[in-house]
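Chemist: Input: one structure, supplied below.
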Amino acid sequence: MAAASSTTTTAWRCCLLLALVLPMISSSAAGDDAPPLPMTPSYYRKSCPTLEAIVRGTMVSAIKAERRMGASILRLFFHDCFVQGCDASILLDDVQGFVGEKTAGPNANSIRGYEVIDKIKANVEAACPGVVSCADILALAAREGVNLLGGPSWEVPLGRRDSTTASKSEADSDLPGPSSSLADLIAAFGKKGLAPRDMTALSGAHTIGYAQCQFFRGHIYNDTNVDPLFAAERRRRCPAASGSGDSNLAPLDDMTALAFDNAYYRDLVGRRGLLHSDQELFNGGSQDERVKKYSTDPDLFAGDFVAAMIKMGKICPLTGAAGQIRKNCRVVSSS
């Protein structure tokens, strides 16, 4: 229990500092006199030089088997970082005496890709046993998922360690839902030190992947800010009655569901956002102009997305002696 308490205290202190400091920092990054960050892309250069090649190779196989997996891994990383920080807490299974985050409302029967992370971890352990954290593996896998679907690549700061705790209650409270308003979204991201610009750029992750009917039913049947033809098309796969077709899937991006591009924003301008929370980004509010810019400038979107991903990846990381390096991403390693 001592290790768990230490990890929780470290994460809490980090999150408190983040909440106080990050809103004062512009999204363009700190100046030259900023203190050095504890993480670096070269963290494993000597201890596990083949790490990034292993992660990419395993992700290539996973996406070849199921192209949708790139989106699933990206979502897995987002849901990890928003709960206790980027500490791989989302990967922990429920066991006797321990409740993880997998059964929280936003994750249950929805989050996917755990087996892919297991495979990457096994391959990394075979090459570099006991060296690389599950948290860093997930961060790298998310980047590869984006890049392998045609999106940008970037240097991922590394050096995270794995938590010994999880928080189902925080997953239920802190992860923004599909019915969120723009104000809700700005507040949820702001709580993690992310600016509205970061939020709008990160929402572009919905240019890949699918959502279940239960999450967009309210938007296509009840909202008025939706293209009628688009709503009619989606209703064919999503009956109005709750409990009927709840798990039926529809693409989040109406144009190119499995290609990472800026089509998501063109969808929003055309009132073809699948989720209520998607269309909130372009609904007469503060993010309308940014959505318009992203819809016509894919390079601007890609640059802002990369910057926001790096920033999100630094939410409350466990570094130094905090946390641990799990041998199995699903369970806390015994000391």
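Positions of Cβ are set from backbone N, Cα and C atoms, glycine also.
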Chemist: Given that TrEMBL annotates Asp253, Thr256, Asp261 as Ca(2+) 2-binding, name the residue from Thr200, Thr207, Thr319 that shares the site.
Modeler: Thr207
Chemist: Taking Cys329 as one end of a disulfide recorded in TrEMBL, give the other end from among Cys81, Cys86, Cys128, Cys134.
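Modeler: In TrEMBL, Cys329 forms its recorded disulfide with Cys134.
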Chemist: Can you name every residue in this chain, apart from Thr207, Asp253, Thr256, Asp261, with its Cβ inside 8 Å of the center of the Cβ atoms of the recorded Ca(2+) 2 site?
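Modeler: In sequence order, the nearby non-listed residues are Ile208, Met255, Ala257, Ala259, Phe260, Asn262, Ala263, Tyr264.
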Chemist: Out of Cys48, Cys81, Val83, Cys86, which of these recorded positions shows the lowest number of other CB atoms within 10 Å of its CB?
Modeler: Cys48
Chemist: In whole Å, how far does the CA atom of Cys329 (disulfide bond) lie from that of Ser89 (Ca(2+) 1 binding site)?
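Modeler: About 9 Å separate the Cα atoms of these two residues.
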Chemist: Give me the Cα-Cα distance between Cys48 (disulfide bond) and Cys134 (disulfide bond), rounded to a whole Å.
Modeler: 14
